[in-house]
Protein chains: 2
Amino acid sequence: MTFPKIGVVGGGQLARMMAPAAEALGVGFHVLSEAEGSPAAQVSSQVTVGDYHDYEALLAFARTVDVLTFDHEHVPTEHLEALQAAGVSVQPQPQALVHAQDKLVMRAKMDELGLPNPAWAPVSSTAELAAFGERAGFPLILKTPRGGYDGHGVRVIDSAAEAADWFAEAPGPLLAEEKVDFARELAVMVGRSPSGQTAVWPVVETYQRDGICKEAIAPAPGLPAELAERIAGDVLTVAGALGVTGVMAMELFETPQGYVVNELAMRPHNTGHWTQDGSVTSQFEQHLRAVLDLPLGDPTAKAPFTAMGNVLGAEHEDLYRAYLHVLAHDPQAKVHMYGKSVRPGRKLGHVNVSGADPVEVRARARHAADYIAGTDPDPHPRHGRSDGPARAAGASAAESSARAESTAQTGAGA
Amino acid sequence: MTFPKIGVVGGGQLARMMAPAAEALGVGFHVLSEAEGSPAAQVSSQVTVGDYHDYEALLAFARTVDVLTFDHEHVPTEHLEALQAAGVSVQPQPQALVHAQDKLVMRAKMDELGLPNPAWAPVSSTAELAAFGERAGFPLILKTPRGGYDGHGVRVIDSAAEAADWFAEAPGPLLAEEKVDFARELAVMVGRSPSGQTAVWPVVETYQRDGICKEAIAPAPGLPAELAERIAGDVLTVAGALGVTGVMAMELFETPQGYVVNELAMRPHNTGHWTQDGSVTSQFEQHLRAVLDLPLGDPTAKAPFTAMGNVLGAEHEDLYRAYLHVLAHDPQAKVHMYGKSVRPGRKLGHVNVSGADPVEVRARARHAADYIAGTDPDPHPRHGRSDGPARAAGASAAESSARAESTAQTGAGA
């Protein structure tokens, strides 16, 4: 028995961040990248450039690896089924993945499993949308069942007539949903292997802007223990019922009654990036362990709180100088860059910060991310820290120079 | 300003483990590998196969990167000086690196800096060795000044006559050292940038077998605080005086008087592997930050103790089945495999385990490493744990299945 090879379809940052996990686990790591020089292609020794819409390209790539998995959910279901029929180990399997690809399929499944959905309906015309709106009220949310991500394919609709353009273009029914009056957004991630082993990370609070995840903190501060238990139990129900393999994220709205399900993703997810530095097992390592049917790792958090801030592209095209400043300003910040060029709104990297105070770690992660992006001009914010980072056990005064520099810079901005 | 590219000479496991740090930092990572398929070549998108003894190969490689650094200390000093003269940024600089390449140069420098050396002398003949032996006593240690590693180039000598073969072959003087009567072996690592910023990790206790590092634990259990402070101060003295850039390991013998210096290494070091999972900043990330003159990261430990056990090749050539067992048996174990074929005594990987009890984490790391290597046949040892791993904050009973499996297996072996 030799160490297996994994093949990832898609060369984005999620595939990129799987590479270190493959390195440590000692498994082979191949990427089917849509282009040369993609984030994952930059860090992988085995890269094939090819189009994931092309079945023959997928099959040829799959023949070079032991297990096929994904950086995104856009591979056509019929290709995945054909690969499976050809004997390829597709993980997650298309029968599971369709619940993350098609929001109508997902909503129906949640109902079947008794999980809390918002009011929803498939709608094929403005008349059907108007009828749904009479029941659920306006404004409501209209979604394309497939192809949406990061706010794409989602609209807030004040009247049925507004959606006429989408109905004119849509190949099938759209998904109409009640606009949920939520207290905050949460997410929970689970890893599950083909053998059925599972592991759930703590529930995360997330912060969106323009439909894009901007920040997350784990565990969700102040989440009632009973709700956390219920959510963890429910995500295990979903993972088992759908036959999930790999990691799955379930995005939620917290409501006065508990929560409702928002969306599913069947791959490492932005709301799980904190696990790279804040959990015994990162979501990227767990995804590889799970799709390879290796025993799963411990999802326990390593710090009281870990916050994640996304670096979202803005006007500044040169991030390097601000990046240097952030490394100097907060020597505990874990900066993860994706090797991308800057475009407005594009996810370019993220920053994780761990610590005991949820307000402080969020502020530090957000500042670091926004300063790199160029959207927070303050080089020396105060985050309400009463003291600098704790010193290492057995450390000398002299060895604190990395931290001393940080403290000095913080002080300079006071 | 764009993100820089680093070039590493040598394709071994140290270069391999720099790759994840380069991925996160967003810096380019190129490897000059002595062969195709080396541990680092397996995980890098930019690999040149070439001989580090060949100056032209080194220069051509250096022209493709911004900074040149090393996986090992075997590049001839004259090549490094020539590269420097040609305008290449060589980090660490050859003037510093020579202290890790030549043990006679190192001993003289330690004396000059007032650091605690054992009795030592350069010896060019059995007569000179006999004279040193009269002063220092037999048995004593004889070392080749250059080219030694992992016990190679080191002999215990009971009489001067025994060393006649080495003198016949040696191109210059050998290094004779007093055989130190030590309580235990320690090591300390520091990162230092060209700007002079420094960061010291906690002092580590190490365990050698046949001259090869077998285990390490950080911080060294029971080390008196004054001695830890003195060692941290001394390694900063050395790093500054030598102009070290990158990370440096100082291996020590703890003695009744404090300690004496054993050896220096100017690169990531086996005794620092614990930092990958046990420190805010790993030695690999710090090495890249330091040689690129980026601000350094925080070296604080993230757990009370982190132990590292090396997977040393033995008879078993198929590690995969035992590796699967270890992943299942201890879901908190962080396994790092190097992608190497098995040879007796070869370093094939290592395992890090963090926790509150130094005896327990050492036992778990050692068992995991030895079980993978095939040298510990017990699949279900008891490590004196009174309880299983702590549960995650906010976790449900159901989500403990990864750990439950481990507990069940431990129980089965009781």
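Cβ coordinates come from backbone N, Cα and C, glycine included.
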So TrEMBL lists B:Lys103, B:Glu177, B:Glu178, B:Lys179, B:Val180, B:Glu185, B:Asn262, B:Glu263 for ATP; which of B:Lys143, B:Lys214, B:Lys302 goes with them?
B:Lys143
Count of other CB atoms lying within 10 Å of the CB belonging to B:Glu177 (ATP binding site):
21
B:Lys103 (ATP binding site) has how many other Cβ neighbours within 10 Å of its own Cβ?
24
Cβ-Cβ neighbours of B:Glu263 (ATP binding site) (radius 10 Å):
17
Are there any residues in the same chain, six or more apart in sequence, whose C-beta is under 8 angstroms from the C-beta of B:Glu185 (ATP binding site), and if so which?
B:Glu205, B:Thr206, B:Tyr207, B:Gln208, B:Glu251, B:Leu252, B:Phe253, B:Glu254, B:Asn262
Any idea what the model's mean pLDDT is for the domain 'ATP-grasp' (B:107-292)?
95
